[in-house]
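Colleague: Here TrEMBL flags 54-69 as compositional bias 'Basic and acidic residues'. What TrEMBL lists as domain 'C1q' is 107-244. Per TrEMBL, region 'Disordered' is recorded for 24-100. The signal peptide annotation in TrEMBL covers 1-24.
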Amino acid sequence: MRDSAGFLLCSLLLVAPHCTEVAAQDPQPDPKTPCANWMGGAPGYPGHNGLPGRDGKDGKDGLKGEKGEQGLQGSKGDQGAMGSAGPEGPRGFPGQPGLKGDKGEGAYVYRSAFSVGLTERAPHPNIPIRFSKIFYNEQNHYDTSTGKFLCSIPGTYYFAYHLTVYMSDVKVSLYKKDKAVIFTYDQFQTNNIDQASGSVLLHLSSGDEVWLQIYGEGDNNGVYADNINDSTFMGFLLYPDMDFH
């Protein structure tokens with residue numbers, strides 16, 4: 001029994017170097033594989049992201065898609081600037097005549113005028129000269145008995161006189177409401193016939209009176225008239241006051 005154990009021990013000792021040599025020639029396993037003859041460590045952290053790759057080449061165009069549905073109408077935009085005028089269009093046909101209007105009221109024309117002449121020689125001074133020769137006095141606004149014009153239509157009037165001067169000097173004035181408005185003086189020349197005249201625009205109110213009158217002493221009343229020489233006095237309404245009806 002003791003001999004058998006000794007023989008087994010001797011056999012193992014002879015075989016041991018040979019196994020060691022064979023083991024040395026065998027490839028070593030990867031230490032990180034499950035078959036490694038050592039204990040593996042804890043897993044490492046993930047590495048950093050790599051740099052992005054370069055863009056690839058453009059692909060080929062795909063097929064045209066189907067037409068989409070119409071979208072909602074947008075809000076109205078701002079008004080644009082006015083464009084230039086277009087060419088004139090063709091002329092249209094005349095329209096139908098309108099209805100006849102109502103008859104209007106006739107415009108009333110206010111009239112007031114007179115034109116008179118002298119018939120007597122050397123009128124008396126300091127009283128109205130009475131012109132009794134009537135050229136025009138249709139409205140009878142001039143009174144031949146007093147020698148005065150009486151205003152019946154308030155407004156603006158024109159008055160004028162043209163007097164023949166003979167035998168003496170003439171000093172004459174035009175009066176309005178007992179007040180002299182203008183004066184005319186003419187000096188008589190012996191053996192000659194002269195003329196004295198004057199004119200004025202006056203505004204008169206209803207009831208105002210206008211006349212001619214010799215002023216001064218009696219030797220200044222050389223106003224003259226005969227069958228070939230006239231001394232005249234006239235006046236007429238230019239336009240009535242707007243508020244007169």
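Glycine is treated like the rest: Cβ placed from N, Cα and C.
Remember, predicted model here, so these are calculated numbers, not experimental data.
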Colleague: Can you give me the average pLDDT across the domain 'C1q' (107-244), rounded to a whole number?
Modeller: 91
Colleague: Going by DSSP assignments with H, G and I as helix and E and B as strand, what are the residue counts for the compositional bias 'Basic and acidic residues' (54-69)?
Modeller: 0 helix, 0 strand, 16 coil
